[in-house]
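One structure is given below, encoded as structure tokens.
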Amino acid sequence: MPPISGKLFTVSLISFWYASNIGVLLLNKYLLSNYGFKYPIFLTLCHMMACSMLSYIAISWMKVVPLQTVRSRVQFVKISSLGLIFCLSVVGGNISLRYLPVSFNQAIGATTPFFTAVFAYLMTLKREGWLTYMALVPVVTGVMIASGGEPSFHLFGFIMCISATAARALKTVLQGVLLSSEGEQLNSMNLLMYMAPVAVAFLLPASIIMEEDVLGITIQLAREDSTIVWLLIFNSTLAYFVNLTNFLVTKHTSALTLQVLGNAKGAVAVVISILIFRNPVSVTGMLGYSLTVIGVILYGEAKKRSKRDT
């Protein structure tokens, strides 16, 4: 039985993980929808710049984890590919928040296991047990029901959210394929330190080209109301802490605990977002989301059982 101080540390860590995850999601929604800051690519750029700087400080100065170096040009190209997919998934998610309520965004995001299973099969020909595939039926069915019953449904926002979810799953599978050899494997904090600057390199020209005069508009907004500066700084710092706390929770708890906490986190985010933003919800939408969450839980159980049997 762990000492009280150890338990307190774990509980505090999980609380901070919840707060940073849900906080960045709600703040993104507030900035992009309610505040009227309609620049999701620039917002993601701010996130990645913060991740680049804070990752370097945490690893090189504070020694949170040992520094792992990139050993070859080939490894750098692989990391850059992951960085591009990573930034596309974050941009897609942020764009979708401009058009969709957080509750529906989370329902679509819960389908990640479905896309992970599809990409794992297409890229590695890895087959799961039939029970695992059966568990994915309620995951997809739930989102279809939620889509039909969503009062604030927006097609472009839906496509962006599905694309972001698929990109997140693709990154996970691709990471396992590209960085499979022992010499190339990086822990998530070192990987973030290398991926974030790559994402900045992609996002900077994309923001300048696609979001006309975004820097000038942001400076003008800051002159009129300095709140936007503090919101962007706080939001970007929080985006880094999402990654840091995710790494630490994974390190200090079991994979099963993380899975259970992750499922509950989505539900908590939905409830809080509805209370804050007062977006209309339907019984059909909530039933669909509940079915998706049940499917995700069943998927996790089926995966565990298939691992025990092999």
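In case you wondered, yes, glycine gets a Cβ from its N, Cα and C as well.
Between the stretches 60-78, 79-97, TrEMBL puts its transmembrane segment entry on 79-97. Summed and averaged per residue, pLDDT over the domain 'Sugar phosphate transporter' (12-299) gives 92. With pairs at least 6 apart in sequence, the transmembrane segment (256-277) and the transmembrane segment (39-59) have fewer than 3 Cβ pairs within the 8 Å limit; the two do not touch. Of the candidate ranges 7-27, 79-97, 103-123, 191-208, 7-27 has the most C-beta pairs within less than 8 angstroms of the transmembrane segment (256-277).
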